[in-house]
Structures are given as C-alpha cells and as structure tokens.
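Report on the following structure.
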Amino acid sequence: MDLLNTLVDKGLRREPPTREEALAVLATSDDELLDVVAAAGKVRRQWFGRRVKLNYLVNLKSGLCPEDCSYCSQRLGSKAGILKYTWLKPEEASRAAAAGVAGGAKRVCLVASGRGPTDRDVDRVSKTIEAIKEENEGIEVCACLGLLSDGQADRLRSAGADAYNHNLNTSEETYGAITTTHTYADRVETVQQAQAAGLSACSGLIAGMGESDKDLVDVVFALRDLDPDSVPVNFLIPFEGTPLAKEWNLTPQRCLRILAMVRFVCPDVEVRLAGGREVHLRSMQPLALHLVNSIFLGDYLTSEGQAGQTDLDMIADAGFEVEGAGTTTLPRHRADALSGGCGTRDATAGSGCGSHEDSGAGGCGSHGGGAGCGPCGGHGEREPVAVADSAAGESVPGARTETSGAARTDLVAVRRRGAGTDLAPNA
C-alpha cells in the first residue's frame, strides 16, 4: 500500500502523518491488518529495537473519588465492587513496589484516586518516593495524583520523582461528555506543570467509549502537540456499576489499528500498552508488541491483569526482550533534549511526540480497573459515548458505529491482591 510506505518513510524521519493519513490507518480492512502492523513495526524497531519496558502500578489510595469520570470504577457514585482503602504507608508502598521490581519492572507508578493532592498528600507521597528509591537503586518513579496545584510538581521532583502522569483521555471537543467535575484544560495545565518542573511527562488516552475515528485522531494529535515523553493507550474496561458498563465497542483488530495509528503519529515516543489489553486484545496481545515498546506488568489499579510470568513469557515468545535497568528507554535525541531542559526541542522534527526526548519515563497510563491515572485513578480515556451521569449505552450523536466486540465480562475481574490487601501481588 502506498499509504503504508509513506507512513514508514515519515516515521523513520520522525515526521508526523497528516490527519487524513491517520484516519486512513483506522479505516484499513482486516485483510490489510498484518500489513499495517508490519509497517508500524518498522517504525517501532527503528527507535526502540525489540526492547519492551516493564512498568508496575502501586495504587496508593483506592476508590472514594469525588470526580465523576464515566469510565472509572473509582468515580463518584460507582457501584463497582472494587477495593477501597486510604493512603498506604510509605513502607507498605515500598514493599508493593519491590514485587514489581523483582519481576523485571524498571519503573514504578504511584497512583492515588482523587481530584488532586493536598500539600500534605504531596509530603506523604514524597516520603514514599524516597522509601522506594532507597530500597531499589536505579528504579524510576512516576507519580499520578490528579490535578496539580502550583509548586507541587517541583516538590515531587525534589523528592526524587522522575515522571508525572495525567492522561487527556479524549479530544477537547468531546471531553465534557465524560466528566463534568473538571475540564480538558485542567488536564493540559497539569501536564504542562509537570514538564515545567523537569518531570518527564506521561499522557495518553482511552479507546472504546464509543468515540469516532476523528475523536481518536484528534486526541492523539493533541498529545503530539503537548509532547509527553510517554503515551499510554488504554482500552476501556466496562466495569459493572459504572455508566459505561455496556460499552463493548472494541475488537482485537480495532485495538491494533489504534495502536498502529498512535505509533505513526508519535514515532519515537514511548507508546505503552496499558489497561484493558487482556480484555480486548486477548490472544492478539503478542502482535501489539510490534507496535508498542512498553507495558504494565501484572495487575492494574482496581482490576486484575495477566499473570506477571505470562507477560514475561509472551515477550520472550514473540522475540522481544525486557528492557534492562541500565538502558535509556527513548532514543538519544529525545533523552538529550530532556536532560537539556523541558523546552529543548529538535526543530527539524517539528513539535509534539516526535520531537522532544524522554528520560525514559513512561507514565502511569493504566486504568485501575476501568480507568487510567487521571484524577479518578482509572484509565485516562475519553468517551464521547455517554455523558458523565447518563445511563450506559446512550450514544453521542455523530459517533462512528463500530462493529461491536463480544461482551467478555468473564475477563473483567476486580483486583483482590497486592496493595491494600494481605495477599501477595501479581508480578
């Protein structure tokens, strides 16, 4: 296909596709799917080889969130039967993190539900970061605490945080359809505060809320303009007890097209396969490794993930290798840009995801049972499919009608182990 040849050439030069080209990727047929994966795989290997970065989530505070994000199992009014607990002590969080590190994770993502941290919360998390770093030499720590107030990003950076995650979730145009308690602009501002403080920014999306192809392209191009170092891609976990419980809009093929499109738009950025991969990609997960260069190991915030050893076996069987602790995740040009300051960018590459380098930071873009690391601690995606307080199943006018995937509620399991419990974690 001429389209794919063009996209590969652009990706190898760190040049973004046009919006029309990105839309065309999402519109490819199932017969063309393996060609799409192969093309995006060339771009992935150019910048990341066959390495896969492992990240590990620690849910510091679960449930009881005052925000009304429709996709999130921790939202205000959620009837999902998830674990609910207040802040873990620093030593408890450090023990949980150690399990992930022992399993091969080079980054620990600390997540807390809520609109955003108080100054006291930042002090608490700072102590947790220090405890984790003291026990695990060389480990990266990403914080995901919601909307930040002035000075909080600087304090987290001073405590040793390497990165901060806050997902855009969806396009600005449709953001009001998924939450009413904060705005798209609030999210953008928090990512920019993290960047200004010298933290590696992580910001991504959620697919599967009934969005159109245009919606997906809009949010990915917005992310490119925002220029995070890591872009986590979540797939909605339709948790019973949330407004989107009936939204089973994804197929494995659709998920692969979305991941390929993100890779073409953000060729040299850490693209992370985040929450919902087990539910929607299922046996097609190994193919996704040709598109992404980062995954979460083990469980998510409020939902169970694939067994940690199964993740490791999948990576090896697909011919990839776990990225070592001493390896810089992102290409040299992006790493050099980050070390030179957040504003350092390569003018030849344009702005956005293809230009400014990451310290290797990934981000917490995984949903904890239904959402990402946004204020609600779930997976940060947008959903034009339903307004924040509507019943599940109400469609937003103009949303693309995608062939629905089968409702695999058997694959959605609440996390009952690890952080906040007495049971050993999955890592």
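Even glycines carry a Cβ here, placed using N, Cα and C.
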Which range of 158-202, 203-247, 383-427 is region 'Disordered', per Swiss-Prot: 383-427
Where C142 ([2Fe-2S] cluster binding site) falls in three-state DSSP terms: strand
Sparsest-packed of the listed binding-site residues (C65, C69, C109, C202) - C-beta count within 10 angstroms: C65
Per-residue pLDDT averaged over the domain 'Radical SAM core' (47-277), given as an integer: 92
Cα-Cα distance linking C109 ([2Fe-2S] cluster binding site) and C69 ([4Fe-4S] cluster binding site), given in Å to the nearest integer: 21
DSSP three-state assignment for C65 ([4Fe-4S] cluster binding site): coil
All-chain count of other Cβ atoms within 10 Å of C72 ([4Fe-4S] cluster binding site): 39
